[in-house]
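As written in TrEMBL, here are the features:
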COMPBIAS  1-12  compositional bias 'Polar residues'
DOMAIN    115-410  domain 'CDC20/Fizzy WD40'
REGION    1-22  region 'Disordered'
REPEAT    161-202  repeat 'WD'
REPEAT    244-275  repeat 'WD'
REPEAT    379-410  repeat 'WD'
């Protein structure tokens, strides 16, 4: 070539596209020996193996059984200034929902909807929201009750208290979803017909505000600030049929089991009582179990949908624990420190999980696996304590009411479409059997 021409050389700049190994850091002879050794029959006594290991360590400085055929060493080189990898976009994206969660289920971290709840009372002991089987969400805002039709989005004001100082302290739908029970601060229990939008009855038997309600067929149970629970038979004129006296302070958690055998009550006296549906021999109602382990008020009480004798309870700020009970044996099956005030627990009907709502200090919702009690995810967004949780009739959406005057709807238990179809088929088959039986 001409004297002026430059001799071509291998580029020395960093960030090349090939990795060329340094053979001096490998054991090529050892690799060859190990590969050929694989074909030999391994008929050796343990003593002989020990001897060979000792020789190998003395001769080579390492045990040949632990030798690597290919070993990469040395630090990787940094890319040059301004170097742009065209795969960066692909690998810098957030992990896909499926791969980021071990359970293989995507739970949106943001609420599906946010609704205003102006003047919702920031009172831990009240139960201010409930979702009916007919897809109406009842919300008590100070002295009024509003109904939100989840299907159409329509909002109806059902009632407003006559006296401005009175307020609604609890709401609860009957199983069929056509009647709403309303507890008030002036010790009343009202019954409202949703189709007619009118009050059917006004039941007065308590002497203080009614903060909790629960239905068992035509029996409506109400818990008051005095610590008393009253059973009302809504079919008869003399509605007050029983008094349950097992709490010394306000009853803030009240739930009938799905099979109607037991009523669980939680109070500001830190107690959980399990009441039978029938009276004892003396004609009085007495708890079949009393759980005293909680160190704070127990508002969160929830029965497991697939194990009728299993109950979940949650304690207030001075306790912060979720406990799972077997109400037949009285055993505490498990306990977990939630690190926050527990205001509500709901079991999922679509998954072996439950969700808890929290106040001080996290103001979050937590989805838990059952029975491992492992955290599945945390849902954040509320800026003040969560007061109540309720679930949509299809079990897919949880509504949370908080002191930040918002209601948030979380699609945390959305069913897999295939499983959903299977479940619907099973339900339709069940209902057809029932109809045949009635005919």
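Think of each number as a place in line: the chain as shown, counted from 1.
Every residue gets a Cβ built from N, Cα and C, even glycine.
Here the domain 'CDC20/Fizzy WD40' (115-410) has a mean pLDDT of 96 out of 100. Secondary structure of the repeat 'WD' (244-275) per DSSP (helix as H, G, I; strand as E, B; remaining residues coil): 0 helix, 18 strand, 14 coil.
Counting residue by residue with DSSP, the repeat 'WD' (161-202) contains 0 helix, 23 strand, 19 coil.
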